[in-house]
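Chemist: Dumping the structure here so I can ask a few things about it.
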Amino acid sequence: MTMGDIAENETSFYSNAEDYWRDVPPTVDGMLGGYGTISSIDINGSKAFLNKFLGEGEGKTGCSCALDCGAGIGRITKRLLLPLFNTVDLVDVTQEFLDKAKHYLGKEGRRVENYFCCGLQDFEPMSGRYDIIWIQWVIGHLTDSHLVEFLRRCQKGLRPNGLIIIKDNVSYEGVVPDEVDSSVCRDLEIVRSLVSRAGLQIVHEEQQLNFPQEIYQVHTLALR
């Protein structure tokens, strides 16, 4: 299966993914495909990455509002975004996950303003609302053209000095389809080219360290 095949069969690419996630248990382990044990390593790496940009002063990114894209039950919102931002919005295609998030997030969940049930290919962030738009382990569920269009919409959703953060698996070469969850894994050069097509610049890029060797490399990119 190539990206061309996926573009031709776009409807089933998206509907198959929705079917897959509908059957996934609404737990941290479910969100991480059975790798729940890596959650703390992941969050700590993300926190160190974000802290390079957040703060007060010229050029610093504010801490008013963040958007968690492909949020699932709110694992990232709970452990990364709510501790750093005043308010957070969640968007996910699976309503059951968002319903679970309202309980999973506990008292701090009161600072979540919006739970959007929507696929990212159709989602439009509110204009000028977000300091950070966090997009983790979900770009593989978008076709190339939809990813480019989504990133353009995200750029319009940023506040001054705001950033879009992509954190995702990268393949060693080319596009690797996963027919189980109806997604793809792109290599870093392809991701960079799609970012460029969207009219965005890569401000900073890092590889997440200390993940199990048998999984894909994970890279984090800050864009604006």
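Placement of Cβ uses the backbone N, Cα and C atoms for every residue, glycine included.
Positions annotated as S-adenosyl-L-methionine binding site by TrEMBL: Gly70, Arg75, Asp92, Val93, Thr94, Leu120, Gln121, Gln136.
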Chemist: Inside 10 Å of the Cβ of Gly70 (S-adenosyl-L-methionine binding site), count up the other Cβ atoms and send me the figure.
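Modeler: Gly70 (S-adenosyl-L-methionine binding site): 25 neighbouring Cβ atoms within 10 Å.
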Chemist: So for Arg75 (S-adenosyl-L-methionine binding site), how many other CB atoms are inside 10 Å of its CB?
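Modeler: By my count, 24.
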Chemist: Can you tell me how spread out the S-adenosyl-L-methionine site is, meaning the largest CA to CA distance among Gly70, Arg75, Asp92, Val93, Thr94, Leu120, Gln121, Gln136, in Å?
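Modeler: Of all Cα pairs among the recorded S-adenosyl-L-methionine binders, the widest measures 22 Å.
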Chemist: Taking 10 A as the limit, how many CB atoms besides its own sit near the CB of Asp92 (S-adenosyl-L-methionine binding site)?
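Modeler: The Cβ of Asp92 (S-adenosyl-L-methionine binding site) has 25 Cβ neighbours within 10 Å.
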Chemist: Within a 10 Å radius of its Cβ, which of these binding-site residues (Thr94, Gln121) has the fewest neighbouring Cβ atoms?
Modeler: Gln121
